[in-house]
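As written in Swiss-Prot, here are the features:
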- ASP151: active site, proton donor/acceptor (ACT_SITE)
- ASN61: N-linked glycosylation site (CARBOHYD)
- ASN70: N-linked glycosylation site (CARBOHYD)
- ASN86: N-linked glycosylation site (CARBOHYD)
- ASN146: N-linked glycosylation site (CARBOHYD)
- ASN200: N-linked glycosylation site (CARBOHYD)
- ASN234: N-linked glycosylation site (CARBOHYD)
- ASN402: N-linked glycosylation site (CARBOHYD)
- 91-469: region 'Head of neuraminidase' (REGION)
- 31-469: topological domain 'Virion surface' (TOPO_DOM)
Amino acid sequence: MNPNQKIITIGSVSLTIATICFLMQIAILVTTVTLHFKQYECDSPANNQVMPCEPIIIERNITEIVYLTNTTIEKEICPKLVEYRNWSKPQCKITGFAPFSKDNSIRLSAGGDIWVTREPYVSCDPGKCYQFALGQGTTLDNKHSNDTIHDRTPHRTLLMNELGVPFHLGTRQVCIAWSSSSCHDGKAWLHVCVTGYDKNATASFIYDGRLVDSIGSWSKNILRTQESECVCINGTCTVVMTDGSASERADTKILFIEEGKIVHISPLSGSAQHVEECSCYPRYPGVRCVCRDNWKGSNRPVVDINVKDYSIASSYVCSGLVGDTPRKNDRYSSSYCRNPNNEKGNHGVKGWAFDDGNDVWMGRTISDESRSGYETFKVIGGWSTPNSKLQINRQVIVDSDNRSGYSGIFSVEGKSCINRCFYVELIRGREQETRVWWTSNSIVVFCGTSGTYGTGSWPDGADINLMPI
């Protein structure tokens, strides 16, 4: 090969390599621009309800013939739709209940700054569960805790923490309230907060951290609500509220709320005579509540809520093993589904039950006279057969030598079914324990299980002699 041919050959090879490098640089540039603007190809919903985007850093190391290019690209995930909860999955089949959470608030109060509370409950958003309670505006080791046995003061506020986190000084005070209910519709939290004078209280409706609506007392006699979670189906939340006598006829209404705004109010209808402190759960396409009759019945009222047409039906749990306290001994107690049993109906305690086909799962105090001990069991035919008393799968949650209190239900949506859980309020202090001047509580929480389980007792556990007075 002569010199001229060598020069031409080297030049051709160099030109080819240069062309390849140029084309690769163009390809890199096109890829970079495409990935950078990919985020704009995602469709956003009309109402702009999206989850915040999370940046992802992509490192691309591209080796070329004689140099290294480090290209860093930041790309956003396409927005995810946030949808209302519809609770359309079936109820989980369970064999009983397994331990889930215990906050030990009273024991911790012996050496730390923990709020004085009562009326606790649990509710979950789509990703996490929270515990709520009505605080007394003071910690336990504080002279303001004296005489906190009283239910309604202007200092009471609704507290909210992750489940299992005691109400410490950093706890969020959601609203002013001496009666409350909370629920998450899939997009945001709704809090119903009642406060004010007994004869002219106000219920505030707080949605997504903002006051949206309110309603005043309609019977001028202690407007009050559930003290456990409300339920939202397809954006409509229902809450049961009562105003009027605690020992005679009262005026109960069911409020329908959408993003914090009251859209409809239905009066109680059906055969229930007195309804307070309902424990509600989704029973698609509606909502079902098991409540407290503080006037005539130790059997619990049932309220069925139709979310679509706002209609209401009510009756009583059929089980002859009744759920309220005080109550007659099981041998003598009765319930015939439609009416109050007129057995030690005056007074009572918040509680829960839920249907399982024709059967009923329920919880109650072990004592039939006082708020002592706690048990759960299933009654065969207890939802459909009058005065049914065949009990199976009994579990002791708190032994009869220890105090209990209010209890209520909350629901958790799993991958294939909706599980039912419950909490028990473990009251300590006044009136029974007169060494101290305060009244407060801790909680224990159980959830339904399809597995096996053992036995135990999960009382509050604080030694009252070690507690601040």
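Using the three backbone atoms N, Cα and C, a Cβ is placed for every residue, glycine included.
If you measure from the Cα atom of ASN86 (N-linked glycosylation site) to that of ASN234 (N-linked glycosylation site), you get 5 Å. Note: the CA-CA distance between ASN146 (N-linked glycosylation site) and ASN200 (N-linked glycosylation site) rounds to 26 Å. Candidate recorded positions: ASP151, ASN234, ASN402. Nearest to ASN200 (N-linked glycosylation site) by Cα distance: ASP151. Per-residue confidence over the region 'Head of neuraminidase' (91-469) averages out at a pLDDT of 97.
A sphere of 10 angstroms centred on the C-beta of ASN402 (N-linked glycosylation site) encloses 17 other C-beta atoms.
Minimal Cβ crowding within 10 Å, among the glycosylation sites ASN200, ASN234, is found at ASN200.
Across the structure, the residue listed as 'active site, proton donor/acceptor' and ASN402 (N-linked glycosylation site) are spaced 22 Å apart at their Cα atoms.
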